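Positions annotated as ATP binding site by Swiss-Prot: LYS12, LEU13, SER14, GLY15, GLY55, ARG59, ASN163, TYR169, ASP172. Taken from Swiss-Prot, the feature UMP binding site applies to GLY54, ASP74, THR135, GLY136, SER137, PRO138, TYR139, PHE140, SER141, THR142. As annotated by Swiss-Prot, region 'Involved in allosteric activation by GTP' applies to 20-25.
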Amino acid sequence: MADVKYKRIMLKLSGEALAGDKGFGINPPVIKTVAEEVKDVYNLGIQIAIVVGGGNMWRGEAGAQMGMERAQADYIGMLATIMNALALQDNLESIGVPTRVQTSIEMRQIAEPYIRRKAIRHLEKERVVIFAGGTGSPYFSTDTTAALRAAEINADAILMAKNGVDGIYSADPKKDPAAVKFDQLTQLDIINKGLNVMDTTASSLSMDNDIPFVVFNLNESGNIRKVVEGENIGTTVRGK
């Protein structure tokens with residue numbers, strides 16, 4: 001294995017990142033590029049787990065506007081993450097990266113059910129594992145899923161790959177030209193400064209299990225590899 005900072009990672013991809021400029025659905029050139037970026041890191045010998053969101057297919061707010069019950073809207077969102085996971089699996093395997101999808105909601109015809117020990121074994125056998133379906137329960141975000149699964153598989157770090165966002169700022173840099181980018185933070189810093197990075201449940205899980213996470217721009221080629229190799233890009237948030 002190459003000289004790297006993190007040997008087992010949890011990569012969190014937003015659904016919107018797969019849509020690219022289209023804003024909705026899956027953009028084939030974009031998901032192909034994401035798969036190639038993952039392969040570049042995989043070739044270093046890194047064990048890679050992935051959680052992908054579903055915002056490119058379904059937003060909970062859309063359900064709320066329709067008067068839909070929150071739990072029902074969340075279940076639709078979970079199915080959206082599974083569609084994204086299968087598409088990403090197909091793109092990864094088409095370029096020679098062995099990949100398994102595990103879902104928190106059983107659908108054995110298309111994916112394995114989530115089993116922690118089996119997921120870890122896949123990683124040890126040099127297979128990428130994509131966790132889909134969220135936690136399997138409504139009211140929990142895919143950020144929380146990433147933090148939970150990262151703790152369960154003993155990941156070294158969570159890589160928060162953002163669509164066009166290169167780190168954490170003191171304010172929205174698009175609205176405030178005086179916004180300052182942070183290179184290093186702690187979870188308590190995020191809470192005390194009121195920074196909107198991930199939901200409080202995900203943040204608490206990361207802090208309680210002392211799992212660092214790195215927020216960086218997915219759209220810049222090679223960034224996933226740079227984070228894994230320890231290059232100082234984006235914002236690193238320490239668990240404690």
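Using the three backbone atoms N, Cα and C, a Cβ is placed for every residue, glycine included.
Here the features listed in Swiss-Prot are placed on the structure.
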{"residue": "LYS12", "record": "ATP binding site", "Cβ neighbours (10 Å)": "27"}
{"residue": "SER14", "record": "ATP binding site", "Cβ neighbours (10 Å)": "21"}
{"residue": "GLY54", "record": "UMP binding site", "Cβ neighbours (10 Å)": "26"}
{"residue": "GLY55", "record": "ATP binding site", "Cβ neighbours (10 Å)": "21"}
{"residue": "THR135", "record": "UMP binding site", "Cβ neighbours (10 Å)": "20"}
{"residue": "SER137", "record": "UMP binding site", "Cβ neighbours (10 Å)": "15"}
{"residue": "TYR139", "record": "UMP binding site", "Cβ neighbours (10 Å)": "12"}
{"residue": "SER141", "record": "UMP binding site", "Cβ neighbours (10 Å)": "18"}
{"residue": "ASN163", "record": "ATP binding site", "Cβ neighbours (10 Å)": "18"}
{"residue": "ASP172", "record": "ATP binding site", "Cβ neighbours (10 Å)": "10"}
SER14 (ATP binding site) in three-state DSSP notation = coil
Message = Whole-number answer please: how many Å between the C-alpha atoms of TYR139 (UMP binding site) and SER14 (ATP binding site)?
response = 17
Query = How does the region 'Involved in allosteric activation by GTP' (20-25) divide up by DSSP, counting helix, then strand, then coil residues?
reply = 3 helix, 0 strand, 3 coil
Query = Whole-number Å distance between the CA of SER14 (ATP binding site) and the CA of SER141 (UMP binding site)?
reply = 11
Remark   = For the region 'Involved in allosteric activation by GTP' (20-25), the averaged pLDDT of the predicted model is 84
Key: For GLY54 (UMP binding site), the three-state class that DSSP assigns   = coil
Remark   = Cα of SER137 (UMP binding site) to Cα of GLY55 (ATP binding site), in Å and rounded, measures 17
Message = Can you name every residue in this chain, apart from GLY54, ASP74, THR135, GLY136, SER137, PRO138, TYR139, PHE140, SER141, THR142, with its Cβ inside 8 Å of the center of the Cβ atoms of the recorded UMP site?
response = GLY77, MET78, GLY134, THR144, THR145
Key: Pairwise Cα distance maximum in Å, ATP-binding residues per record: LYS12, LEU13, SER14, GLY15, GLY55, ARG59, ASN163, TYR169, ASP172   = 25
Key: Integer Å distance between the CA atoms belonging to SER141 (UMP binding site) and GLY55 (ATP binding site)   = 11
Key: Candidate binding-site residues LYS12, ASN163, ASP172, pick with smallest Cα gap to THR135 (UMP binding site)   = LYS12
Request  = Between GLY54 (UMP binding site) and LYS12 (ATP binding site), find the distance joining the two CA atoms and give it rounded to the nearest Å.
outcome  = 12
